[in-house]
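Annotated features, as they stand in TrEMBL:
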DOMAIN    24-265  domain 'Orn/DAP/Arg decarboxylase 2 N-terminal'
MOD_RES   Lys47  N6-(pyridoxal phosphate)lysine
BINDING   Gly217, Tyr355  pyridoxal 5'-phosphate binding site
BINDING   Arg297, Tyr301, Glu328, Tyr355  substrate binding site
ACT_SITE  Cys327  active site, proton donor
Amino acid sequence: MTDKNLLKIAQEFGTPTYVYEAESIKTQYQKLTDSFTKNTRFFYAAKSLTNINILKYIKSLGASLDCVSINEVKLGLRAGFTVDRILFTPNCVDFSEIEEAVALKVHVNIDNISILEQFGTKYGNSYPIFVRINPHIFAGGNYKISTGHIDSKFGISIHQLRHIERVMKSTNLCVNGLHMHTGSEIKDVDVFVQGLEILFEISEHFPYLKYLDMGSGFKVPYQDGDLETDVKSLGKKVEKVLSDFEKESGRNLELWFEPGKFLVSESGHFIVNSNVIKPTTATTFVGINSGFNHLIRPMFYDSYHKIENLSNPKGAERIYTVVGNICETDTFAWDRKLNEVREGDVLVFRNAGAYGFEMSSNFNSRLKPAEVLWLDGKAHLIRRRDEFEDLLRNQIEVL
Ligand SMILES: *Cc1c(COP(=O)(O)O)cnc(C)c1O
């Protein structure tokens, strides 16, 4: 889609609005399927963007679904994913949520010894499960999004293998999958290979093993010069170690991945309007009709999102600090070169598909943005903008 299309969407639906390009999701999915030729399945990490239309579209591409809450599981079922194509990977949930997933018959991934014991005691070998291993590899773009390191709350430590074995033995538990997810934004494909080798090493302790799930960590470029995870090279390396393992062990395992960001990040364009241009003694602020209540990544992770001026693309380049309208520091970007911004211009944040709308809130009693899907050359409204009444929904007026 073109910037003209985005401007038209801004006119038709107003701003702030998230726009998702279906074609881009398809391109990213095909990059993955082209890079891995055998025995590999991709489970879209729903939490990056759960609009039901996105889930349905991704299902139509042939992907499976990774869910971190029981509600994501239910959204997946609503979108038409079959139970065999849904993996439930929660952490720190009550056992009843796991029971609910079992009742729905989806794959269940367990990430602590306590639940493992409760699960084995209740279900024995009647319901095969995954175990999430923490391999203690430090990987990922930064500490907040790294999940495999020693301080991380995720997974069962690889050093607790003996304990897992004890639980399996005393409860007759059947583990048919091992899972690891070491973090987000991994550039170095050897980190995946290293992780895979760790899973190979412990695989002999799991006689019923069918699946190895490598989680995610696929990186996408956010700024010029950034690299995308080289999935082609990853595919080659992984296939080599996998076939070596198969020869040595005589076992044939299916490999799973859980890309979120890789599939939907670049599909997303977040369009906003500039409200106020405010020169101060130190900088020139552009105040927009949004804030960290709509896109929190820059403030939460120090993430960089490319910003462009769609309605004055030929304007002279000036340097701005782009801020939101929230009563709290919400700076999207310092010292950013943009084509001259006038009050009322339409700006776009690129790469806003993943963890954008999904992490939005009603802070400051502001309304959540609309969502639009660009499919087959047409704009489809897939979520209405919040209305004032939405702020009061669920409130009970007792005074
Ligand atoms: C968040 C998450 C993912 C997806 O991570 P991305 O960086 O968006 O690809 C995959 N698996 C699990 C278990 C996750 O929690």
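Glycine residues also receive a Cβ, built from the backbone N, Cα and C atoms like all the rest.
Shown on the structure are the features that TrEMBL records.
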residue	record	Cβ contacts under 8 Å, 6 or more apart
Lys47	N6-(pyridoxal phosphate)lysine	Cys67, Val68, Ser69, Glu72, Gly260, Tyr355, Glu358
Arg297	substrate binding site	Ser303, His305, Tyr355, Gly356, Met359
Cys327	active site, proton donor	Asn364
Glu328	substrate binding site	Gly291, Phe292, Phe363, Asn364
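This prediction places the mean pLDDT of the domain 'Orn/DAP/Arg decarboxylase 2 N-terminal' (24-265) at 92.
Tyr355 (pyridoxal 5'-phosphate binding site) falls within neither a helix nor a strand when secondary structure is assigned with DSSP, and so counts as coil. Binding residues for substrate (Arg297, Tyr301, Glu328, Tyr355) extend across at most 20 Å, taking the greatest CA-CA distance.
Neighbour density around each Cβ, counted as other Cβ atoms within 10 Å, peaks among the binding-site residues Tyr301, Tyr355 at Tyr355. Taken residue by residue with DSSP, Arg297 (substrate binding site) is part of a helix.
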